[in-house]
Amino acid sequence: MKTVPAMLVTPRSFREFFILLLGLWSILCKEPTKRIGEECRVQLKIKRNSSRSAWTGELFKIECPVTYCVHRPNVTWCKHNGTRCVPLEVGPQLHTSWVENDQASAFVLYFEPIHLSDDGVYTCSANLNSEVINSHSVVIHVTERTQNCSEHPLITASDIPDATNASRPSTMEERPGRTWLLYALLPLGTSLLLLACVCLLCFLRRIQGKEKKPSDLAGRERETNLVDIPVSSRTNSQILTSETGIYDNDPWSSRLGESESTISSQLEGNKQGIVYASLNHCVIGRTPRQASKIQEAPTEYASICVRS
């Protein structure tokens, strides 16, 4: 009797196959750092002959870049005192923290604030599996602050992620606000200047208009007087023409006698005066409308007699 191939797969063989599969999976998923130990050494990447400067009263910090594999090492800071490196005591003025990102990790030492006694040489050391690794030294030069040293910027709490008790504002953050305020005030100042110029021009024009009004009124009064004078003369000339029309029928001798008698009577009243006689002729007005209505009349001339 022949056996079926499906009957060869027994529970025992299936269990052995599953164990073999798990072993292969664990080998393939093992960390590459576990297989290659040389590429996974702890490194402290502080540059040789590093030096930093600070002023007393500043919030200061120094960093120790650390490269490690899986387990993070125990990192500490120490300060050199002669031939020894004394570990630093963490307190309110000195504290440490880890700063990690995608590219690298760093163990940071914070001075809040830094004092003149903090001047010296500092070293970062890492301890992993009883193996101690020391970094290069960092020299910190602390200078006492005076009134002339206020131009140096301060490291504030905005630069330190773990500082929570910092109360001083950042001077670098205030400068952009002042520049934007200056840019906003410039258009306002120019608009106020233009408004002042427009108001000044309107005021000058109003003064000139007030000065011109009296001169215009005087000129108009003179024109009206000049226009009114010919009208009165025309009315007198019309009256005279109507009166002189009576003497047209008289003979020349009677008119001479009457003129002599009138002249003699006037001279007796005023012996030292001068008698003027007006010419009786029509005066043509300035306006063409009034001149068209006046009828021309004959002109009479009178003699003037002067006696001393």
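Backbone N, Cα and C atoms are what each Cβ position is placed from, and that goes for glycine too.
Since we're looking at a predicted model, the values are computed, not measured.
Features of the protein shown, as given by Swiss-Prot:
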- C40-C69: disulfide bond (DISULFID)
- C64-C124: disulfide bond (DISULFID)
- C78-C85: disulfide bond (DISULFID)
- 32-134: domain 'Ig-like V-type' (DOMAIN)
- N49: N-linked glycosylation site (CARBOHYD)
- N74: N-linked glycosylation site (CARBOHYD)
- N81: N-linked glycosylation site (CARBOHYD)
- N148: N-linked glycosylation site (CARBOHYD)
- N165: N-linked glycosylation site (CARBOHYD)
- 30-183: topological domain 'Extracellular' (TOPO_DOM)
Taking every residue in the domain 'Ig-like V-type' (32-134), what is their average pLDDT? 87
Comparing the Cα of C78 (disulfide bond) with the Cα atoms of the recorded positions C40, N49, C64, C69, C124, the shortest distance belongs to C124
Of the recorded positions C69, N81, C85, which one sits closest to C124 (disulfide bond) when you measure Cα to Cα? C85
I'm trying to understand the geometry here, so how far is the Cα atom of N49 (N-linked glycosylation site) from the Cα atom of N81 (N-linked glycosylation site), in Å to the nearest whole number? 18
In Å, rounded, how far does the Cα of C40 (disulfide bond) sit from the Cα of N74 (N-linked glycosylation site)? 16
Looking at the recorded positions listed here (C64, C69, N74), whose Cα lies nearest to that of N81 (N-linked glycosylation site)? C64
